[in-house]
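Annotated features, as they stand in Swiss-Prot:
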- 66-101: domain 'EF-hand 1' (DOMAIN)
- 103-138: domain 'EF-hand 2' (DOMAIN)
- 144-179: domain 'EF-hand 3' (DOMAIN)
- 157, 159, 161, 163, 168: Ca(2+) binding site (BINDING)
């Protein structure tokens with residue numbers, strides 16, 4: 001007794017449990033991972049809600065992200081500051097949405113944000129080109145990329161505006177059986 005270090009208050013842990021798909025133990029493990037990224041920045045005591053953000057450059061090098069061609073976009077999509085720097089809340093949100101427990105609808109919202117490179121709330125041909133080039137490590141010719149992107153828009157664009165709205169995107173991924181199994185990260 002007396003030797004136990006308090007990282008979060010019971011109220012904080014309850015709040016994290018209420019708004020994520022994690023148990024108390026998993027939240028504490030996430031804090032450990034967050035602390036490991038920047039031990040000089042991240043305190044072990046979060047009972048006073050410190051205003052700390054771990055830089056994008058440290059987060060994208062986590063083993064769970066470093067091989068993902070969309071790592072920067074993933075982190076930026078969860079960053080409150082829009083620069084890719086993550087507070088602990090942002091970090092927990094990212095892992096919660098990418099957990100196996102998150103529903104398809106929630107994953108779809110963030111997948112759309114990740115693929116919307118120009119942040120105009122549509123996935124246009126240029127967004128698809130960037131996505132395809134990242135997925136294929138730029139091994140396709142410009143003509144092949146163009147053909148695939150045009151075909152994707154033709155098949156998924158329900159209202160004929162030559163870009164994918166969120167509704168178009170959601171309809172498209174509802175027909176992709178592997179979406180849920182590929183859009184996750186284990187902690």
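Every residue gets a Cβ built from N, Cα and C, even glycine.
Residue 168 (Ca(2+) binding site) falls within a helix when secondary structure is assigned with DSSP.
Long-range Cβ contacts of the domain 'EF-hand 1' (66-101) within its own chain (Cβ-Cβ under 8 Å, at least 6 residues beyond either end) map to 16, 19-22, 27, 30-31, 34, 42, 46, 51-56, 59-60, 107, 110, 113-115, 117, 134-135, 137, 183-187.
DSSP assigns residue 163 (Ca(2+) binding site) to coil in the three-state reduction, outside any helix or strand.
Counting other C-beta atoms within 10 Å of each candidate's C-beta, the binding-site residues 157, 159, 161, 168 are led by 168.
Residue 163 (Ca(2+) binding site) has a Cβ environment of 19 other Cβ atoms inside 10 Å. Note on the domain 'EF-hand 1' (66-101): DSSP counts are 18 helix, 1 strand, 17 coil.
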